[in-house]
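Asks: Sharing a structure with you now.
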Amino acid sequence: MANLHFHYGTMGCSKSAQLVINAYNQNKNGNKTEIIKPKIDNRFSENKVNSRIGISADATVLASLRGWSPAPDTKMVLIDEIQFFSPDDIDILVRIADSTPVIIMCYGLMIDSNEQIFPASRRLIEVGAKLHRMESTCQIPGCMHLATHHLRYDAAGNVVRAGAQIAVGDSNYKSVCRQHFNMLYHGTGRDGKGSR
């Protein structure tokens, strides 16, 4: 299953930046790439993968991978926000990875803000995709622990503990370590001091 990879990490760990850089390097070396993103992800631009550091690349926008296949001369497919696709879409990627020389690089989140694994991410693990953890630090000021979780906030700054698994956008999210997640998610829900 070396042709199917899953690069995962919390929000803000440079997943999209690494995707854009990887595509750039492959194209520079003469290897044609295709970049795909889910239709639901319209945070910055509909037909681009954008990184917070300011780099971007053109992308094909798809609601589903059903009916899609890479062009005959494509060497690598890079997919942003893979967690927004379905387990059936992952099975399509498995068939492509197993029957062609195309390398498939998926980038996305493993879990949501309620510690629930995304169905597409779970399927990538189940089918044996090669896992690559991308690391960043907790966004609580002064904390340098590994960010492993996401906190979602409402407009008043309270932690949101229920709701839809998919809520596009990151302006009301923070990537935090497990300790701060447990303190804030199971505690008062107020940001900043981390007190109960």
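Any Cβ shown, glycine's included, is placed from N, Cα and C.
Sharing the record's features from TrEMBL:
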ACT_SITE  GLU81  active site, proton acceptor
BINDING   ILE166, ALA167, VAL168, GLY169, TYR173  substrate binding site
Asks: What same-chain residues, at least 6 away in sequence, bring their CB to under 8 Å of the CB of TYR173 (substrate binding site)?
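Replies: Within the chain, TYR173 (substrate binding site) has Cβ neighbours under 8 Å at MET11, SER113, HIS150, LEU151, ARG152, TYR153.
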Asks: Given a separation of at least six residues and a C-beta threshold under 8 Å, show me what packs close to GLU81 (active site, proton acceptor) in the same chain.
Replies: LYS37, PRO38, ILE40, ASP41, TYR107, GLY108, LEU109
Asks: Tell me the coarse DSSP state (helix, strand, coil) of TYR173 (substrate binding site).
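Replies: In the DSSP reduction, TYR173 (substrate binding site) maps to strand.
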Asks: By the DSSP assignment reduced to helix, strand and coil, which category contains GLU81 (active site, proton acceptor)?
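Replies: The residue in question, GLU81 (active site, proton acceptor), is coil (DSSP, three-state).
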